[in-house]
Amino acid sequence: MSSVSEVNADIRDFLMSINLEQYLLHFREFGFYTVRDCTSINDSVLHQIGISPTGHRRRILKQLQMIFSKMQDFPIYANVHKAKNGSTTKEQQHSDPSSSTHTGIECSDSITVHRPGPAPSEMVTTSTLSEGNCQSPKSHDKLCLSSHDLLCPEEELHQNVDSSKDSLFGGVNVKIDPLITKRAVEYTAGEEHTEKGNLTSEDSSKALSTNTECLPSGDCPTSGTHSGNGTNGVLESFPPTPFFQFQGEMVVNELYVPSSPVHGPMRSRSKLVSRPSRSFLLRHRPVPEIPGSTKSIPGSYFRDRRSNTTSAGKSLTLKNSNEDNSTSIFPYGETFLFQRLESSKKRSIKNEFWPHENTVKEEAATTRNSILTQSSIYDNRKEKVSEDKVEDIWIPREDKNNLAQDSASESEYSTVEECFQSLRRKNSKASKSRTQKAFYLDPFNRHSYPLSSTSGNTEPSSTISNAISPYACFYGSSAAKEKCGWLDKLSPQGKRMFQKRWVKFDGLSISHYNNDREMYSKGIIPLTAISTVRAQGDNKFEIVTTQRTFVFRVEKEEERNDWISILLSALKSPSLASQLQAAVAPEKCGYLELRGYKAKIFTVLRGNSVWLCKNEQDFKSGLGITIIPMNVANVKQVDRAVKQSFEIITPYRSFSFTADSEREKQEWIEAVQQSIAETLSDYEVAEKIWFNESNRSCADCKAPDPDWASINLCVVICKKCAGQHRSLGPKDCKVRSLKMDASIWSNELIELFIVIGNKRANDFWAGNLQKDEELQVDSPVEKRKNFITQKYKEGKFRKTLLASLTKEELNKALCAAVVKPDVLETMALLFSGADVMCATGDPVHSTPYLLAKKAGQSLQMEFLYHNKFSDFPQYDAHFEGGSSQDAAQSSFLCDFLYQTAAAASRVSSEKKLLEDTNKKWCVLEGGFLSYYENDRCTTPNGTINISEVICLAVHKEDFYLNTGPIFVFEIYLPSERVFLFGAETSQIQRKWTETIAKRFVPFVAENLTEADYDLIGQLFYKDCHALDQWRKGWFAMDKSSLCFCLQTQEAQEERMNLRRLQELTISTMVQNGEKVDVLLLVEKGRTLYIHGHTKLDFTVWHTAIEKAAGTDGNALQDQQLCKNDVPIIVNSCIAFVTQYGLGCKYIYQKDGDPLHISELLESFKKDARSVKLRAGKHQLEDVTGVLKSFLSDIDDALLTKELYPYWVSALDTQDEKERTSKYRAFIRSLPGVNRATLAALIEHLYRVQKCSEINHMNAHNLAMVFSSCLFQTKGQTSEEVNVIEDLINNYVEIFEVKEDQVKQMDIENSFITKWKDTQVSQAGDLLIEVFVERKEPDCSIIIRISPVMEAEELTNDILAIKNIIPMKGDIWATFEVIENEELERPLHYTENVLEQVLQWSSLAEPGSAYLVVKRFLTVDSIKQCREKSIKEGILKLKEEPSKILSGNKFQDRCVVLRDGHLFIYKDPKSSKHDKMFPLRAMKFYLGVKKKMKPPTSWGLTVYSEKHHWHLCCDSLQAQMEWMASIFIAQHENDIWPPAGKERKRSITKNPKIGGLPLIPIQHERNATQARKNIETARAELERLRLSEKHDPRDFTDSSLKDRASLIAHCLEHKDEKLRNRARKHRSFNCLEDTEAEGPHGLPKAYKGPKTLKKTEERNSKATLDADPKLPSKVIEELSVVLQRSRPLHKELPDEQTLQKEVK
């Protein structure tokens, strides 16, 4: 675009070109419609019209300066003065040989102001005013000034003529013309025309003498014509000058030629506003051709002109209106006036495009001129002042009403413009509009004026307009009077007392602080809010506002008067009104909670500052607390419990705010961030880089006006893509802002972006990008991130021309390319895999960078410098066809993740660790996971070698932090370290875990990584194939399945359903001198032993397997299952009822205790494997109630609600076989677990109805009970009952049961009902010796201990045997005594006695341990201990094994018992404990071993798994108090059975017939009786074998339960003598309980000698001889079972072994 179009551009286009179109209304409101109107704009004017951000004002001023300075001509000022009534002035002509002309300036004073010394390049203004009277010239020399020909209103300068009487020339206008590039206008040197314009004055006839230093810069049309036709131009002569305009042709630098092959007649907006730096302009400035002749001006020329300023006339030389020269605006308005010869051919064009009757524009322009020129403070001095004296005066801003109607500089604005404006608008792109308002203005600027120009009187009839002289010098802001000091301020509330405050007045407001070091005030009073200031007595003064009166007090009266005078003078300042006018609406306001303040604070965001006010009324009155400037602030979201919190952080203080909602908080954060960005933004770099048209759209998504860039990839990108570019890592992508990172943008880097551009860069990066793969502007974040990673990191779309080159060839090509100017070739080589630091072969210039430096290629150097850390791999063109292993090698990920590392001891508090950490920038590349403090850091905080990972845990459930949900995964290393990472979405979590798993799981087990695993890693294992050797295998947890790939020849993936586990136990083995935990898993016929690398990863696996093997939900398939896929709860209930309920009347029609049913059902749901149903402990009715409740409460009915209409409709079929066939089809359609459960349940009900003669439960009665359970309906219907009855009656046909299975069922029923009265001993009973009160022979009792006996039962039995009745208030307990009677501890009443006894085997001297029953506590002591929730004291402590530093001595420690833990402190004043013992995990014994050499004999010993601690007390009372307190706290006050609780019995008379009873420990004399019992069992076996008609197949096929029952009966060893002896050792209460025990509905268990006699009679009827000895293997197996002390119901040996033993 030509420079004339630039100068005359519409203000809208100008603001759009610098992305500040939000200020369009501000400019138009004050009369700025074109760029030419802005010639006199400075920082103060911009501030007044409402542009508060400093960066925006600076950008506007720089752009205006650039436009005016781009003119190739020298600047010219035309100072045109217009008469009030439109009369003409006489022009004084000065002839010279060149016939050139210059204008005179009409002014009332002949005073010249000149600042000597500046260099020509500084363009210092030399102002010359000549006083004179304008004469009317001839008609052909006249050029009337028509008001409608002028663009701008008139501005008047009132000047004092002399001391006696002033002669005023109204309407003197001063206008600065923009500089216009000469090459934009074509003219002929020989055709030069000027016009004479005459100005007349009604008060004076003196003509303004010609200033020989001025040249014409504007046209003044005559009143007779608008176009200037018929007017002869006269050129004024001027002497040669070194500043004379050079008129040669300029050569355009190719750097600024657009890359587009087609160029329009004008430059685009990007070229218009691009402002290169000074060094860039110097290097690439246009080179003019040598002219034919030049003229110089002697140095004495200006001195001659200075002497001519006393001329009595004012002359004005008019130039052609079509000429494109104008004056340049420079900082502070300091310019010289120059002239150049212009052509007048196109003068008449100006009026064709300019509207002359635009009244609105004229009024607005009048406002503009009043802002630019008015001055309200003048000194009417009487004395004569020297001509060269200059006075600083304020420039007020409030007068907008005194307007002139015309401007003498009309020709400066009347150039061809409108046609160019329409073209430019088409190329303009609108930027996002932002509103930035100012609350307060900066201190006002000062200008210097000649005193004579300000001392004149203004005529009443003249329009008052105080114009700024073009000769004014800008010296910056005036030094406003400031004052600060310590004052006493009267508090507004409370006692109204004076408080010391540091008070500061900065010329705009009064603020008070707590001290002189604080940066933010406690209160602020702007001048605009002050009504008056008045003095009071006692050295006080008041500041009165509309809201309240502030009272201050000083020490001295002089100081008070000084404060008052300063404040009053500031109040009288004319600048105060301009502050009021500038107050505009805020961008955001509202009440927020501010930390440190009780009440909510009214917070206001206005422009570049945040105001804090007590309330909205204070804000409206102008009062505030403090102001937070945004240019030094930052805003961030706070991770606190209150989610609506955010902080504004400044270098001096952080302000923490809390909003009412999350939405409001986000709005505040966005508003503050936008204010900060706009305050700090500078478009200078962006405009330069946008000079290349391809850089005006994002390189990735084509978004317009991108303001970010990757400085090493050389692409310009938008804000959305910039966020994803950061994910590539700081080494591979350095993202910088074009607006805010100004320090990084050197001239060379800017030039590099202009030369390359997005188009050429994408020719390489996206050379193979298909149309359907392109990224759209509105693409989601995940797609954008994947695209950018594929494009730059993986090189998926780049050109592959260099793919065939090796690394060495690429390096050689790079060395050859860097010495040439083509940077694109270097970029292609480097990003194709060439090494930026490769060896060049030159010992001096050893790197490509040094080679480029040697060759002087600055752009190559710049590119290589920013890529010095880049490491782009050499991509294979056939990469996609490679193996998955290769794909894993190229995996790359990066993102912000929550990250923290934890030791093994702290992993339990992993979520708390994540709460205390911040996000880290995590990068996974090359098999290493590195985490950085942020995405700009180049040094990682830590690095994890993925190949060393042994376990990866993925938490599917989300965990909520203060910032929202996070999804955690853990990485375990062999060094007992665990790293926790948290992602914000499950997709990010899955992406990271999949990539990490593929890095450390080998190829042979890659199928494991494809599952939806919760845990994956490596474990050691043993199985049935090799039990003697531990091997490594890869395991993965997929919901309830354990997938594993073992080191076998097949190496196939296997799967184990953890819900079907028959056994899940943990044991310990010693390996390499250390204890290692081993997990045993048994599923059907498979056994697997596993252990981890460390205790930490084993704990993770064990916990996960236990959780997966447990119950997970209320659905049928989520229950723990047996090996036949029947839920354990169903199987256990069926087995219990089958064993004990076949002979019970109305078994399923009786209701149990609802409380017991609920407890038992909850136990099954918690862990069904651990629940063992035992007669005596569980009632039959409760078990049946559990079964019915479970079937009724599962999520879906066992027969499924979906099939309900089909089941009922089957009853319509009359044919029983056809109906049975339908039932069979329905059952096949059921889910597998439902089908197996239904089969087991119907089999059980079929068995029950088979015994209906005994239990009275036929098929119909059973169907009445179970129809509502199986269909889950309310109540019963006949159809449902009939369906269930059909299923029971037709069980054999529906489930296709074989005949031998039915026969076996009948045999089992007969055995169960036949042997129901037989008394069988409890399995695993032991006879042990228990002492009463002390260990003496007379105090011992030998008693039978069952595996389920608890300490309560043992204590009561011993007391009953000894006939001891405890005293009221005494508590007796069983004590365990060990270590040769040195240590003892009371057993809790619920502790299992046998378990404690079996643990004695691990003691050094097991034989010294025994049990004793004695008095423990009293009720009174318990009450005292319960009252003290916290117990503390000083005890002596010693640890075993002792630490090296602590020595082998007891040391005083402060011990505190609190919250179920025992805390050890070094001293009572310590705030951090040394040790902490959880009470439930410890055993506490009374006493201390003597070998520990305790200082006292009263102490406690604490046992843990690895360590022992010894505590010594001062007295026996203290010892007992500590023990009682610990015992009560350890069991949470539950230390004796509740009143009325029924005592449990462990000795049962009817144990399970199918169980395997054991021979109790007896004296040797009982062996003979045992052999007799075995012989009797053999005879019974033979009799049963004969009853099966000697069919060996039938006997072999009999069930395991049948033979187990048989052996159980054979091992009956209770003869009459032994029974009498056992009865002798039990109390009478026990005998009564024995008679009363047994399931409801069964006969009494004990029948006496008659039962034995009947049994002997049956045995005598055996037809076969019995072997007198039982096979030895049976005895061995029974011994093993006895040693293990297993519970009653255990599985028997396998079927073949049992058959062998029976035979």
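Backbone N, Cα and C define each Cβ position, glycine as well.
According to Swiss-Prot, the protein has these features:
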type	residues	note
DOMAIN	6-70	domain 'SAM'
COMPBIAS	85-103	compositional bias 'Polar residues'
COMPBIAS	123-132	compositional bias 'Polar residues'
COMPBIAS	197-214	compositional bias 'Polar residues'
COMPBIAS	222-232	compositional bias 'Low complexity'
COMPBIAS	308-319	compositional bias 'Polar residues'
DOMAIN	480-572	domain 'PH 1'
DOMAIN	585-677	domain 'PH 2'
DOMAIN	674-809	domain 'Arf-GAP'
ZN_FING	698-721	zinc finger
DOMAIN	899-1001	domain 'PH 3'
DOMAIN	1012-1110	domain 'PH 4'
DOMAIN	1114-1295	domain 'Rho-GAP'
SITE	GLN1149	site 'Arginine finger'
DOMAIN	1324-1418	domain 'Ras-associating'
DOMAIN	1428-1531	domain 'PH 5'
MOD_RES	SER1627	phosphoserine
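Taking pairs at least six residues apart, the domain 'PH 2' (585-677) and the domain 'PH 4' (1012-1110) share fewer than three Cβ pairs below 8 Å and do not count as touching. Using a 10 Å radius centred on the Cβ of GLN1149 (site 'Arginine finger') and all shown protein chains, the other Cβ atoms total 15. The domain 'PH 1' (480-572): residue composition by secondary structure is 18 helix, 43 strand, 32 coil, according to DSSP. Across the zinc finger (698-721), DSSP assigns 3 helix, 7 strand, 14 coil. When the domain 'Ras-associating' (1324-1418) is classified with DSSP, helix, strand and coil residues number 27 helix, 37 strand, 31 coil. According to DSSP, the domain 'SAM' (6-70) comprises 44 helix, 2 strand, 19 coil.
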